[in-house]
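Asks: Per TrEMBL, active site is recorded for GLU283. Per TrEMBL, the feature active site, proton donor maps to ASP368. For HIS282, HIS286, GLU364, the entry in TrEMBL reads Zn(2+) binding site. Summarising the annotation, TrEMBL assigns domain 'CAAX prenyl protease 1 N-terminal' to 28-209. The domain 'Peptidase M48' annotation in TrEMBL covers 213-420.
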Amino acid sequence: MHSLVVTAAFAAALLASLGLKFWLATRQARHVARHRDAVPAPFAGTVTPEAHRKAADYTLAKGRFGLLSTAFSGAVLLGWTLLGGLDSLNSVLLGTVGVEWGPMAYQLALLAAFVLIGAALDAPFEWWSTFRIEQRFGFNRMTTGLWLADQAKGLAVGALIGLPLAALILWIMGATGGLWWLWAWVAWVGFNLTLLVLYPTVIAPLFNKFEPLADEALKGRVQALMQRCGFAAKGLFVMDGSRRSAHANAYFTGLGASKRVVFFDTLLSRLAPAEVEAVLAHELGHFKRRHVVKRMAGIFGLSLAGLALLGWLASQPAFYLGLGVRPNLGAPNDALALLLFMLALPPFTFFVSPLAAALSRKHEFEADAYACEQADGRALASALLKLHEDNASTLTPDPLYARFYYSHPPAGERLAALPEPVAS
Ligand SMILES: [Zn+2]
């Protein structure tokens, strides 16, 4: 393999993916703007013109900002790779940390420095999104103090979990020979399963308060539903989502004994008990139809394929040289290979992401159908509509944009698929 082939393939994928992103975003903006002033017929009685216009303006504002951050990320990616950013960072750390502390410390320092620089570059965008866009549309509930504390906690937790994992993977890469990618995959799967158990009980409580669901009437209702569906979960919790945002949500989390249902307080304050029950029935549908297991199996399968590919690429000098990095001669290249792979892969996988989105939308339809069997379909429809309105999701997305990106079906299609659509 020649390094020019690698450079050309990467540059072509990057340009094509950026071009496609811009084209789709432009289509979406035009479509939403064109339908801004008329509520679509099926929603005429249920959605006010004000809410519809707000959703359009919110979608347009997020879209414009998205274009800016896409352009910026493209430039940063080019800076790391072909323009030599990663190569410079690597030689600095190799000459300092590598000389002082040895090869493992140098590799961990390289990963850590990369993550920290990335976080610093992203921070202004996150800040703007929260305190300008979300704020303007009345969704933000965060103070600058809480935002800074979140950032600091996120980095601390990331270091606490990420550094030992990185050290383990790097050790496997250096010590287990040609099949290192298989062992690394075993470690990766084990790590993810552990995280599934630890996340709800240890990590999430660092960022939010979780209190047992206190509303006895709702609790009885929810427990009856779960019994009906043959479900055992350790607990029903209410999370103080309102500390950060007005957006509402509910989710199911954990594995084995740490399994729990979490309602955002913003969801409970907005939905009637029958609607909460229907939303939970939808979440249970994801488990009953084995979506969660299928998704995990898919992700683990893809990561095995990815690691096998990396196992081959990491031994090819052209892989490094073609992406703007000189491989180390007297030190391990494992951290470099991992970083380059993580940088170079997304422009390629972007083109298959619509498949994942389509599968996810299929699962949403199935979970809705399950919810209608176990709970009140009309309550599900009105809950979906309320959540749509509260999140200011547009009712008129560009069809192609939605096909490409949407993990959930557009509201029109989704409500039309329910047995008792509100629109009748
Ligand atoms: Zn769902």
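Residue 1 is the first one shown; counting continues down the chain.
Quick reminder: no glycine exception, Cβ is built from N, Cα and C everywhere.
Those TrEMBL annotations? Automatic predictions, nothing curated.
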Asks: Other than HIS282, HIS286, GLU364, which residues of the same chain sit close to Zn(2+)? List them in sequence order, counting a residue when its Cβ is within 8 Å of the Cβ centroid of the site.
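Replies: Result: GLU283, GLY285, HIS291, HIS363, GLU366, ALA367, ASP368, TYR370, ALA371.
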Asks: Helix, strand or coil at HIS286 (Zn(2+) binding site), per DSSP?
Replies: helix
Asks: Work out the three-state DSSP category of the residue listed as 'active site, proton donor'.
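Replies: Helix, per DSSP.
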Asks: For ASP368 (active site, proton donor), identify the closest of the recorded positions HIS282, GLU283, HIS286, judging by Cα separation.
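Replies: Minimum Cα distance from ASP368 (active site, proton donor) across HIS282, GLU283, HIS286 lands on HIS282.
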Asks: Give me the Cα-Cα distance between GLU364 (Zn(2+) binding site) and the residue listed as 'active site', rounded to a whole Å.
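Replies: Here the two Cα atoms are 9 Å apart.
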Asks: Including all protein chains shown, what's the count of other C-beta atoms within 10 A of the C-beta of HIS282 (Zn(2+) binding site)?
Replies: 23
Asks: What mean pLDDT score does the domain 'CAAX prenyl protease 1 N-terminal' (28-209) have in the model?
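Replies: So the average pLDDT across the domain 'CAAX prenyl protease 1 N-terminal' (28-209) works out to 95.
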Asks: Rank the recorded positions GLU283, GLU364, ASP368 by the number of other Cβ atoms within 10 Å of each Cβ and report the first-ranked residue.
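Replies: When each Cβ's neighbours within 10 Å are tallied, ASP368 leads.
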